[in-house]
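Following: one structure in structure tokens, then a few remarks.
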Amino acid sequence: MKTTLSVIKADIGSLAGHHVVHPDTIAAANKILAEAKRNNVISDYYITYVGDDLQLIMTHSRGELDTKVHETAWNAFKEAAKVAKDLGLYAAGQDLLSDSFSGNLRGMGPGIAEMEFDERPAEPVVIFMADKTEPGAYNLPLYKIFADPFNTAGLVIDPTMHEGYKFEVLDVYEGESIILNTPEESYDLLALIGTPSRYIVRRVYRKADNLQASVVSVERLNLIAGKYVGKDDPVMVVRAQHGLPALGEILEAFTVPYLVPGWMRGSHYGPLMPVSQKDARATRFDGPPRLVGLGFNIKNGKLVGPTDLFDDPAFDEVRRTAVMIADYIRKHGPFMPHRLEPQEMEYTTLPLVIEKLKNRFKKETDMYKTKPSVYSHESSHE
Ligand code: F6R
Ligand code: MG
Ligand code: MG
């Protein structure tokens, strides 16, 4: 029997700013999903939130991009957005870019991570959900989980994992994807995914048998809408154990609060802080960017769980480090590298400022007697 796990999320409005989902909107979404479960559209579901993002975790047997499942999610978001509007919540309906549903949710605003697989006798999965960052934020941990033996002991020790993994990388600017094999193409892979705003790891497969181990939501709202309409707070599914990374090897990748783009106004680098569900609220400077990890088992299409994986003193020091990094990088104020490079910023005031000042720039006639090599890609060191 094939099971599909669909994690679909959207920011449909939140309480007290871009801060936290309101329980009444969850209740509205719950009505729709409960009905879909009664009507056998989905087998099971769990609804949660991270910051201002409403998260629908659903299982079914209809495969990826299924019209009925996506329409269910759309209706749940629509109903939740109605409640958000009635309550006067902030940015009600923000991520719902279209008025009507057609076919599936791609390009309509919500983030989607779906995976169809043959259920193993025991099927542990981890669902990661982040707020105030973007899909490329999972590049670094995915590399560590599936390609770095200093993180994942099983790459060396477990015979099923020893051959390595395949990474499917999407170039979101060109709309192209490529598969790269690890360990042999690790350096090529890193050369790409070290630019996470453009090259995003979308799927990972076990090389030995092509078993899919992971999927990431890769919608980039700013590219979809042609203008920025919100950060694409991403979700990721990782299957665990028995020839795949152990649960603890997966979580080990989040022991460094590495810097991700997003945070305040989607325009700043900040540390990704793993938190428990109870702390999944954006506060300081609208963040810091937060990550929740929920562990489930899936049995005959039913979700067993969850367990709140970062609700654990073993991650206290990571959070403390994240706060220290936040203190440090905040001191840069409006300066890069805290502020993002202009083309990645959510707010596009820079062109307006340049336009306003353009007549006040005076040509420096003497400046380029010799063309500086820094602009010509030629080395000045002969
Ligand atoms: C970032 C985010 C927030 C908002 C900020 C300003 O993704 O959601 O940091 O950008 O709170 O929001 P507006 O412009 O809606 O007042
Ligand atoms: Mg938001
Ligand atoms: Mg958000």
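Glycine residues also receive a Cβ, built from the backbone N, Cα and C atoms like all the rest.
TrEMBL: automatically predicted annotations, no manual curation.
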- Query: Which of Asp52, Asp131, Asp148 does TrEMBL put in the same Mg(2+) 1 site as Asp11, His18, Gln94?
  - Reply: Asp52
- Query: Which one of Lys132, Lys166 goes with His18, Arg265, Asp286 at the dihydroxyacetone phosphate site, as TrEMBL has it?
  - Reply: Lys132
- Among Asp209, Asp232, Asp233, Asp279, which is the one TrEMBL gives for the Mg(2+) 2 site where Asp52, Asp53, Asp131 also bind? Asp233
- Note on the structure: Cβ neighbour count (10 Å, all chains) around Gln94 (Mg(2+) 1 binding site) is 22
- Do me a favour and check the Cα-Cα span between Asp232 (Mg(2+) 3 binding site) and Asp11 (active site, proton acceptor); whole Å is fine. 9
- binding-site residues clustered about Asp131 (Mg(2+) 2 binding site) [Cα within 10 Å; pool: Asp52, Gln94, Gly103, His242, Arg265]: Asp52
- Message: If you count other CB atoms within 10 A of each CB, which of His18, Lys132, His242 wins among these binding-site residues?
- Response: Lys132
- Query: For Asp286 (beta-D-fructose 1,6-bisphosphate binding site), what residues in its own chain, 6 or more apart in sequence, show a Cβ-Cβ distance under 8 Å?
  - Reply: Gly17, His18, His19, Lys132, Trp263, Met264, Arg265
- Message: Rank aside, I only need the closest one: which of the recorded positions Asp11, Gly103, Asp233, His242 has its C-alpha nearest to that of Asp52 (Mg(2+) 1 binding site)?
- Response: Asp11
- Query: Taking Gln94 (Mg(2+) 1 binding site) as the reference, which of Gly103, Asp233, His242 (the binding-site residues) have a CA within 10 A of its CA?
  - Reply: none
